[in-house]
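Here is what Swiss-Prot says about this protein:
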| type | residues | note |
| --- | --- | --- |
| COMPBIAS | 104-115 | compositional bias 'Low complexity' |
| DOMAIN | 5-57 | domain 'LIM zinc-binding 1' |
| DOMAIN | 126-178 | domain 'LIM zinc-binding 2' |
| MOD_RES | LYS23 | N6-acetyllysine |
| MOD_RES | SER104 | phosphoserine |
| MOD_RES | LYS138 | N6-acetyllysine |
| MOD_RES | LYS144 | N6-acetyllysine |
| REGION | 98-117 | region 'Disordered' |
Amino acid sequence: MASKCPKCDKTVYFAEKVSSLGKDWHRFCLRCEHCSKTLTPGGHAEHDGKPFCHKPCYATLFGPKGVNIGGAGSYIYEKPSAEKPQVTGPIEVPVARTEERKASGPPKGPSKASSVTTFTGEPNMCPRCNKRVYFAEKVTSLGKDWHRPCLRCERCGKTLTPGGHAEHDGQPYCHKPCYGILFGPKGVNTGAVGSYIYDKDPEGKAQP
């Protein structure tokens with residue numbers, strides 16, 4: 001039985017289908033969600049089940065702050081303030097916000113996966129080990145700061161390069177074989193991205 005294309009919601013017949021993200025699409029419906037560029041199965045990024053071209057769209061929308069879209073993995077990291085050294089002890093609430101915090105309740109600590117370093121200079125928490133990430137040891141990916149050794153594939157544990165890996169539900173994965181095996185179309189050939197063995201028409205019926 002023919003499946004429905006997730007882009008146009010129309011029937012996808014065997015001769016016109018491509019498979020990606022575990023779904024069957026019309027060839028020309030597999031487009032970047034942001035710029036509408038036609039994509040190749042296995043040759044694009046994914047976010048919340050939607051396809052995106054790797055650059056510039058995925059890097060611009062979901063990459064770390066300051067990403068250089070001219071080359072994956074090239075980043076301009078924020079420099080620590082020269083006037084305010086990094087705080088290693090308890091966080092102090094700035095004077096300018098004291099009254100505002102009093103009105104809204106007691107101050108809260110930083111989020112474990114804050115996407116940017118807060119303006120007081122205190123380091124963020126690594127989403128992998130839940131420990132503080134200081135400027136000299138951090139890499140930024142998926143909008144979070146990680147220790148360099150902590151940015152690893154969720155499945156195989158391989159160390160990854162910022163901007164050079166896939167993402168699913170906010171977790172990093174190496175493009176192949178792990179992302180292809182877990183989330184790629186059925187029959188993915190992990191030896192070469194974009195090489196697929198499509199399912200034959202299960203009923204062996206001729207095209208309408």
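Keep in mind that glycine also has a Cβ here, set from the backbone N, Cα and C atoms.
A map of Swiss-Prot features onto the structure.
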residue: LYS23; record: N6-acetyllysine; Cβ neighbours (10 Å): 18
residue: LYS138; record: N6-acetyllysine; Cβ neighbours (10 Å): 21
residue: LYS144; record: N6-acetyllysine; Cβ neighbours (10 Å): 24
Here the Cα-Cα span from LYS144 (N6-acetyllysine) to LYS23 (N6-acetyllysine), rounded to a whole number of angstrom, reaches 29
As a whole number of Å, the Cα atom of LYS138 (N6-acetyllysine) is distant from the Cα atom of LYS23 (N6-acetyllysine) by 36
The mean pLDDT across the domain 'LIM zinc-binding 2' (126-178) is 86
Simplified DSSP label at LYS138 (N6-acetyllysine) comes out strand
